[in-house]
Each structure stands twice: as C-alpha cells, then as structure tokens.
Amino acid sequence: MSVQTSQQTVNLQTEFKQTQIQEVLDDLDRELIGLQTVKTRIREIAALLLVDRLRQKLGLSSSNPGLHMSFTGSPGTGKTTVARKMADILYRLGYIKKGHLITVTRDDLVGQYIGHTAPKTKQVLKNAMGGVLFIDEAYYLYRPDNERDYGAEAIEILLQVMENQRDDLVIIFAGYKDKMDRFYTSNPGLASRVANHVNFPDYTPEELLMIGKIMLQEQQYQMTPEAEKVFLQYIQRRMEQPHFANARSVRNALDRARLRQANRIFATPGKKLTKFDLVTIQAEDILKSRLFQ
C-alpha cells in the first residue's frame, strides 16, 4: 500500500473513546498524589500504543513498541498501583488478553535445589500469561557472588519468554534505582528487552500528609488541625530514619495512631461518646510515638 496515495482515515477521538483509557488515566490522577513525571510517562506510553493501534488499522506496519518495563524507586511510591493501571491500559488497547496483574518476588521464581527453579518460574509465567507480571526487587534474582545460586536459571527462562511470547505477556521489573541499574548492567540481554523506564521519586512531606488524610477519610477518620501539624513533623522525622517506605510508612503510622486513639477513648469509660470522638485523631495520639520521646 502506498502511504502517500491511501485515502483511508481513522478517527483518533473515536478510537480514544472506544478504548476508554482516559478513565484509567483519570483514575491514576485521582488516586495518586503528586508523581507528575510518572503520570506524564504513563500517558506517553499510552499515546504510543494508541498510535501503533491506529497504524495497524490503516494497514501500516506496526512499530512493534517494546512493552516490557522497569519501575524504579523507593518502597511505597506507587509502583504496584501504577503497574495495575498499566495492565488495564494494555488490556483496553488489545495488547494483552486478560489484563490481570501478578506480583512476585525472587522466592516465587527461584527454587532451593537443582531442578526446582524451572517449574516454579514456568508456573508463575503460566499464571501471568495474558496479563502483566510485576517482579518486585528483581535484582535479587541475580547473585553473582554465589555460583550455586539458581536465580540465573530464572532469568534465562524470563529472557526466552520476553523474546518469544511478548504478544501474550508484559513483564515489569521493579526496585531501587541504583540496584536496578547494576542488575541491568550485569544482564545486558535482559536490559535490551526493557524499553520503558519509569522512575518514581520519593514523596515530599506535604504530599505524604495529603496521602495520610486521604487514607483516614477512606476509613471515616479525620485529624484535628493540630494533629495535622504534629503528623507533618512526624513524617519529617520518620523520613530521616532507616527503612522509611513513603506511603507504606504513613499507613503504618496512622494504624498506630488509631490504636492510641482507641486506647485513649477506652480510658474514659464513663464518657458519652459523640461521632466526633470516634472519628477524630488528636495530636496526642501521634505525639505518643517513639519518635517524639
């Protein structure tokens, strides 16, 4: 077919509406605080895939966009949430048949003795076919300091599937950026098959406070203005501590604050309780954290 003389047309707006990917992108905006660079990158990937679909409809050759991805960033920055939305986008655009997300770590793929790794990895891949396989902390698959480690066998099987069955499965490798960079350097064959790299920045203290307020609202709780100020101080201190995990750490802190609130209420058995009493986190419920002692 001559591209220049073809009179075929395709309506971008109609195709865009039919795929309903705008709903997914809107959900992403609504559910995730901040992360503008991540949202922009996901929109770019979605646009590329939609254009590729339109090209195929007009009989043009597919650009064969690489679908395997790398999500890098600290824990609790929304990588799994975005992976779930990406699976939905890929499904709505027809790149995968089912659209489900399977999340695994090294333990789900690698066996402890000879002959155990291949069946474990193949079973995971079988379960993930037609969807997206999200491998968290993927760098733990590769342990060059241990010659008897079976992670390399799992990587080899993943490579074969990424190359030969890329129409049926998308793999997302995830983890800390520095460790993932070393992982790709050590496994160039794998790195060459990962076309889309998305970096997830850490949240700011103010963004984490907003996330915390949303988490509480979803459980029909609220913080007093004074409690919000104290919780912001808590976040700033907690960010300086080891093992900080962004939104995950915020959720854990709020769970403990609700526990202290319940104990505070329980300590006044004679008091008649209002709805406000039951839904409100006070500053003292946060100040009793060890970070303030």
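In case you wondered, yes, glycine gets a Cβ from its N, Cα and C as well.
The ATP binding site annotation in Swiss-Prot covers Pro75, Gly76, Thr77, Gly78, Lys79, Thr80, Thr81, Val82.
Shown on the structure are the features that Swiss-Prot records.
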residue: Pro75; record: ATP binding site; Cβ within 10 Å: 19
residue: Gly76; record: ATP binding site; Cβ within 10 Å: 21
residue: Thr77; record: ATP binding site; Cβ within 10 Å: 24
residue: Gly78; record: ATP binding site; Cβ within 10 Å: 23
residue: Lys79; record: ATP binding site; Cβ within 10 Å: 22
residue: Thr80; record: ATP binding site; Cβ within 10 Å: 17
residue: Thr81; record: ATP binding site; Cβ within 10 Å: 15
residue: Val82; record: ATP binding site; Cβ within 10 Å: 26
What kind of secondary structure is Thr81 (ATP binding site) part of, going by DSSP in three states?
helix
Cβ-based neighbourhood (8 Å from the centroid) of the ATP site, residues Pro75, Gly76, Thr77, Gly78, Lys79, Thr80, Thr81, Val82 excluded:
Phe71, Gly73, Phe200, Asn246, Ala247
